[in-house]
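To start, the structure under review is shown below, and the notes come after it.
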Protein chains: 4
Amino acid sequence: MEPKTIKKIGVLTSGGDSPGMNAAIRAVVRAGFYYDIEMYGVYRGYEGMISNDIKKLESKHITHVLERGGTFLKSARSAEFRTPEGRQIAYNNLKSHGIDALVVIGGDGSLTGAHLFYKEFGIPAIGLPGTIDNDLSGTDSTIGFDTACNTAIEAIDKIRDTATSHDRLFFVEVMGRDAGFIAINAGIGSAAAAILIPEKKMPIEHLVDKLRIRTKAKKASNIVIVAEGGKSGGATEIAALVSKHLPYYDIKVTILGHLQRGGSPSSYDRLLASKLGVAAIEGLLQGKYDVMAGLINNKVVYTPIKKAIVDDKSVDEDDFRVAKILST
Amino acid sequence: MEPKTIKKIGVLTSGGDSPGMNAAIRAVVRAGFYYDIEMYGVYRGYEGMISNDIKKLESKHITHVLERGGTFLKSARSAEFRTPEGRQIAYNNLKSHGIDALVVIGGDGSLTGAHLFYKEFGIPAIGLPGTIDNDLSGTDSTIGFDTACNTAIEAIDKIRDTATSHDRLFFVEVMGRDAGFIAINAGIGSAAAAILIPEKKMPIEHLVDKLRIRTKAKKASNIVIVAEGGKSGGATEIAALVSKHLPYYDIKVTILGHLQRGGSPSSYDRLLASKLGVAAIEGLLQGKYDVMAGLINNKVVYTPIKKAIVDDKSVDEDDFRVAKILST
Amino acid sequence: MEPKTIKKIGVLTSGGDSPGMNAAIRAVVRAGFYYDIEMYGVYRGYEGMISNDIKKLESKHITHVLERGGTFLKSARSAEFRTPEGRQIAYNNLKSHGIDALVVIGGDGSLTGAHLFYKEFGIPAIGLPGTIDNDLSGTDSTIGFDTACNTAIEAIDKIRDTATSHDRLFFVEVMGRDAGFIAINAGIGSAAAAILIPEKKMPIEHLVDKLRIRTKAKKASNIVIVAEGGKSGGATEIAALVSKHLPYYDIKVTILGHLQRGGSPSSYDRLLASKLGVAAIEGLLQGKYDVMAGLINNKVVYTPIKKAIVDDKSVDEDDFRVAKILST
Amino acid sequence: MEPKTIKKIGVLTSGGDSPGMNAAIRAVVRAGFYYDIEMYGVYRGYEGMISNDIKKLESKHITHVLERGGTFLKSARSAEFRTPEGRQIAYNNLKSHGIDALVVIGGDGSLTGAHLFYKEFGIPAIGLPGTIDNDLSGTDSTIGFDTACNTAIEAIDKIRDTATSHDRLFFVEVMGRDAGFIAINAGIGSAAAAILIPEKKMPIEHLVDKLRIRTKAKKASNIVIVAEGGKSGGATEIAALVSKHLPYYDIKVTILGHLQRGGSPSSYDRLLASKLGVAAIEGLLQGKYDVMAGLINNKVVYTPIKKAIVDDKSVDEDDFRVAKILST
């Protein structure tokens, strides 16, 4: 497509926040400045686009944000934006600032918004994968996923200390919505006895057998990782089921929760966010609209948003096999 | 009291584990070696004393344990030790190894065991305060408390990232049993909107009012710290009550849980554990029995175990006042 | 002294920065607001006082600073302030803003400035101990010291991994100027083979003997902590001397350097800074001038600045004895 | 090649240690057990092979090692192994234990040893890339690289606190031998003003100009990352050169040093080490000898050792370009 002339770009974060969003915003803004573009921050995601909470960004706004968790542009979910009327208001607000193009950082819902907006109003829009869940195609890793995995294993390392000291069985629930990426990484990384992910059904009897065998083998600690979106429920439900079969076990549950969303981004997430931030601006300038910029095999790749969202990205079968070998 | 001749000392950890227990064991054992004493590890607390799970310790057992969370001697709660028959078996086992004296590291229940054992069998016993709850008198801080506070604020810092990004209200539950020490430190340290501790009753209306006022003042984030042993319930219960009064708030709950018990001990806990470990051995050699060694104003103090347990140590009123001033 | 009426207070940080300075500023400002005082930030320490870099502070300035290292008011050393002419200019600037009183956060040089300023112009001034060196009397711990110790042991824990893997001898230099507080805490906390501090002369032959004995005893790792202000030089010099006596050792040197000054403050430093920040404002309101607010045995104590600076605070002899026992 | 029958496999770590080596050993050993192979640990690398420091490994040896930095098998550099006589002795020792095959974890020197050993004695040998330097082809990342980058940025984050507080210019030297991988990642991840890597010559005048421009633009902090193997010297040398041109700058140098080699491995390094550990055993069983197992685009790939070592892997040009855009 013949690139349109772009003078002013708006950037926003939407949906659940993830570590590295600030680094991505910074890279988007700094790359914009590099290409002599005026940059605008849309606050609170699409909600701010509708309420016209939009400000011109300067260098000072992005100083010392790279290393901070969360998003200084804030994030929200907007019901109104899902209506054509809401989107019309949003469009009018963008136009009132003279904003030519958009960079949207978020998960599948957020990118869907960008896609719709492009379709309906022809606004050049590009998405960046910002979610800890890693459930977007078109990129090896989403911004925030690596940090969330590190946060999870650091927490589980602490839990293992007490699990081992007391010969306890811990069920630890990690995030990931209906994807098991954090669970599989955290599970392999913490020598878990078993990993329960939404993508795989594991009959409770198998789990119980495995735990029985490990106990006989006097494995030093028993930690079971449960992805939040598991088919048989979360850690609390699984633990209750298991405890019926293993009444003499000292069983505890920890739900790691929202601390997985925060924290200073890892080196990898900073690099990923920085590269994709530059790629977003350069993509827009090259006429790449309605796409998500991702990193595949360390190269920038632009994937149509609809494809990035719809495609099924699932936990690597081989990772699951490795987890099994290492936990026996 | 005229000190008995002591040639062999047993050391054990009991009750809930805490970071720094390993550092304390190491210091006890190394100080024992320094004074030419044979050192024995009693595994799994009093349970191991009854099941005779007792091993002679050498230098290699305490190599690289100082920096690790948990306790390599493991810990457990023993019902049998609470009976005179159980204690008689335990005593016989100690005698079969020729063990003259005991160092017990743990919380109030563990120290009570040491006290009873001394009373009934005259075994020189000294206690060290090993608990994250900080609920023992006779010491400014218990071993593990400082690390638990650091773990709590690091987790809350991460939660704040996401709380701020979404303008959410978070209720974070911290440990401490029926003491509010972790809550008050973590609350002041994380700029909490409010801190609910067992020692103070706060009517739910006051809390709701405070949150309303802060919202009007557009405070950047609202985190409420709830001690697990609170009179009105834990974070889940309080959040439910508040949400009735503030239905439009986006409220989330995180229960930090057992990760607070683990982790590499802080510099302070390593120093405290090291000093008290030496003090335990030197106390026994000086005839100080049935006491707990603690650190008050950075000086070693020996307090009768009964006094250390029974005395009420409560959250500093001034800390509470400071928390209030800083959260308005 | 009859307290003067105080309506406007200036706060500044001066000298080397330390973790927790931001938490202290926040507490000072928030306590000021609580007592209906206008608060002013003096930027870049006394330098900003002379160049009139002074701004009224609002709530937004202290949002999300508590958990950050460094000082958002910035710090500097000012040669001009050491001259009477410089101080006169500074005074005139304060007056031009109507500032009635000062809170100075820093080390001995910074507090001396506050003392002089009070003496010469009668401006109510109170100091807070902000330095990682812990070399001020009138407080058990200075703001930043606990965090610096944690930073040091975390770094040394990492160094120990590689030291142990290679059976190497590491000399690690820590900060502390002419005080050995960080060295002694980090040394005990990292199971160091030896600790060299400015307060104690250790002949190089003793050190060499100790290392030889440990090698024979096959101690798992040999880490020697050297305080930067040591009488026989820093880690590089000591390592060179030792290597002459132990030519077959694989010796490495690491100078931890300025990373010890930064980082998010520990729970203890946040609490300390928060309590002292409130104490500074309340002290000024009660007519306590020319003093430093410190925490002794967890109680706020006001010590004349001259005494806090001049008094010799030195490493606890018993800490040194404990270090010796534990390293044999 | 027709796979030989393999019953006993030896595993060793050699050269500079890296975080994740323990996780790799664990995975190798556990995968060996899974395939009913006896596993032997060769201690202190090739040195232990020559001195016959070889022990049969059991489950207990690999308990709780996954999360620890360093290598419990220890590492060393062996001059004797470089001689044919030394290798003959080593071979005889392996045979005396009945060891059929070898897994060598280390950098290029270590893998060269495995290659030679295979060539000369026909012992099936497979290598795993264990080095923080990331300077091996045949894998996207080497075991330990990701952790070293995280360690570097966490240290630089702390340094930035104090750099910003004092408006200082810091030169921070990171590891990487003659490769700039850590430098480029840490530089982008810490918003460095400039990154000096061995692969690129940057005239000192360009650097000085860049720093001057940034100072005029009042960039909040100036951190320059210098790779240790830089053509114009390390951080100390560069800082000295720059200070001649910018005499009024307050310039400091920090050499991060060996702490970059230690620490608990990141989630990514744990996963990488776990997958490659399994791949090493499965490769040997499938007759893949004289190769290094690596991960390319998340798939296991076996590359001839000679190719993995000789091939030039160099910093991505696009990473360098991104760094430039983001630092202007």
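Cβ atoms are placed via backbone N, Cα and C, with glycine included.
Site annotation for substrate in TrEMBL covers D:Thr131, D:Ile132, D:Asp133, D:Arg168, D:Met175, D:Gly176, D:Arg177, D:Lys252, D:His258, D:Leu259, D:Gln260, D:Arg261, and the matching candidate from D:Glu199, D:Glu205, D:Glu228, D:Glu282 is D:Glu228. Record note: TrEMBL gives D:Arg77, D:Ser78, D:Gly107, D:Asp108, D:Gly109, D:Ser110 as ATP-binding, and the candidate from D:Gly10, D:Gly16, D:Gly20 in that site is D:Gly16.
The Cβ of D:Lys252 (substrate binding site) has 18 neighbouring Cβ atoms from other residues within 10 Å, across all protein chains displayed.
Apart from D:Gly16, D:Arg77, D:Ser78, D:Gly107, D:Asp108, D:Gly109, D:Ser110, the ATP site neighbourhood in this chain, defined by C-beta within 8 angstroms of the site C-beta centre, holds D:Ser14, D:Gly15, D:Gly45, D:Gly106, D:Thr112, D:Gly113.
In the three-state DSSP assignment, the secondary structure recorded for D:Lys252 (substrate binding site) is strand.
It is D:Asp133 that, of the recorded positions D:Asp108, D:Asp133, has its Cβ surrounded by the most other Cβ atoms within 10 Å. Nearest to D:Gly16 (ATP binding site) in space, judged by Cα atoms and limited to the binding-site residues D:Val28, D:Thr131, D:Arg177, is D:Thr131. Proximity to chain A (Cβ-Cβ under 8 A) holds for D:Arg30 out of the binding-site residues D:Arg30, D:Ser78, D:Arg177, D:Lys252. With every protein chain in view, the residue among the binding-site residues D:Val28, D:Met175, D:Leu259 whose Cβ has the most Cβ partners within 10 Å turns out to be D:Val28. The record assigns D:Gly16, D:Arg77, D:Ser78, D:Gly107, D:Asp108, D:Gly109, D:Ser110 to the ATP binding site, and the maximum Cα to Cα distance across that set is 14 Å. With a cut-off of 8 Å between CB atoms and residues at least 6 apart in sequence, the same chain places D:Thr13, D:Ser14, D:Gly15, D:Gly45, D:Val104, D:Gly127, D:Gly130 near D:Ser110 (ATP binding site), listed in sequence order. Secondary structure at D:Arg30 (ADP binding site), taken from DSSP and collapsed to helix, strand or coil, is helix.
Taking only the Cα positions, the spacing between D:Arg26 (ADP binding site) and D:Asp108 (ATP binding site) is 21 angstrom.
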